[in-house]
Amino acid sequence: DFVLKITDGIDQPGEFNWLLTLALLAAWIIVAVVLIKGIQSLGKVSYFTASFPYIMLSILLIRGATLPGSLDGVIFYVKPEWSRLKDYKVWMEAATQIFFNLSCCNGGLIAMSSYNKFRNNCQQDAIFVAVVNALTSVFAGFVIFCNLGFMAHQKQLPVADGGPGLAFIVYPEALTHLPLTPMWAVLFFIMMATLGFGSQVAAGFGDEISIPHSPMTYSLLNLLKSKSESPTSDPQFSIVETVLSAFQDEMRVKGIINPASKLQAIVYRVAVCAILFIVGLSMMYGGGMFLLNLIDNAVSTFPLLVCGFMELFVIMFVYGYDHFAEDIKMMVGGSPNIYWRATWKVVTPVILVVLILIMAIFNEPVTYGDYVYAMPFQDKESERVGSKNFQAAERQIQGLWGSGEADSRTLRQRR
């Protein structure tokens, strides 16, 4: 509360936090500099930033395993609660978390993969990234619950009473039980800052896959794929690069930006960072945390599932699986097997539709701690207006669909 100066709700903005604004400005300046100069300017430092998180986690795991109560934490971690599988919320959280972890459907993977070599084995990358992400998550879980078991043992509380924000509570607590605690604490928070910038800037080497929301996996990919060649002198980035790539490609097509002009590229990157910094000022008030939480819940849950379904539908049933398989064969030398076909055309679309319907039907208000955000359509008048607007939108969609059917050319023929 001393740093964020959080108020009691989103309707109470509170005072403007100048210290937090300076931190935000410093962060965006660093992002802009890296976007312009590239992470390659850091040279061999990237090897350290890639491997150090795993070294820190290994040290914390070894130390945590020697503390009393750690076994209780591990047992709690690995012991399944099969009854929870009946809870639809578990499936919703799992789906949104994996979308969030792998950066699916937010544009980052598309922007980053545009820098790949044409014949890059995207199928192999997809499997590798998913497996490494899962293994890293499991590994980090053992670290957390070893130390969480020790904390529960000290306070004579069940392990399940850990509460939210475990990583920010457990890791610092674990550091206090290491020799030379101040040194390890400094190294840990330097690592956190490095990974934070890595997830925002996520500089790479051309043919890697970006995982902005799984920074340790991303760091491992940096280490394993650091010998690959970049097809361009500019670095590739994830979150910011997604925005940059979309607008930059559009402006290049319209002739607004000259691809050969380095000055224009610098001005463009600085301008985008400045705009995003200004947007971030809305969260520098005391109520900004509530706004951030609302945006995070709105962007990283339901919309990602809808985007995922629409992407699958367009590629599999509009563009066509056969065309897509031919493209992959041309790139990697082999067609997708029956597993991929069944997953893309049947299993994943069905799962996504079910999750979307469940999330829409059992929609619950967003919360932050004890604060509950006001839900739309809580009164009869709002519900009536919303229903009327929905019916109007439905008629518009039916009209567009009818006009599309009137055209004798199909989307496949237009290809």
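Every residue gets a Cβ built from N, Cα and C, even glycine.
TrEMBL annotations:
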- Asn133, Leu195, Ser199: Na(+) binding site (BINDING)
- 18-39: transmembrane segment (TRANSMEM)
- 51-78: transmembrane segment (TRANSMEM)
- 98-115: transmembrane segment (TRANSMEM)
- 127-150: transmembrane segment (TRANSMEM)
- 183-206: transmembrane segment (TRANSMEM)
- 266-295: transmembrane segment (TRANSMEM)
- 301-321: transmembrane segment (TRANSMEM)
- 342-362: transmembrane segment (TRANSMEM)
- Chain residues outside the transmembrane segment (266-295) and at least six past its termini with a C-beta under 8 angstroms from it: 4-7, 9-17, 20-21, 24-25, 28, 31-32, 35-36, 240, 243-244, 247-248, 251, 257, 366, 368, 371, 373
- Query: If you draw a 10 Å sphere around the Cβ of Asn133 (Na(+) binding site), how many other Cβ atoms fall inside it, taking every protein chain shown into account?
  - Reply: 22
- Query: For the transmembrane segment (51-78) and the transmembrane segment (18-39), does the number of C-beta pairs under 8 Å, pairs 6 or more apart in sequence, reach 3 or more?
  - Reply: no
- Message: On the three-state reduction of DSSP, what should I expect for Asn133 (Na(+) binding site)?
- Response: helix
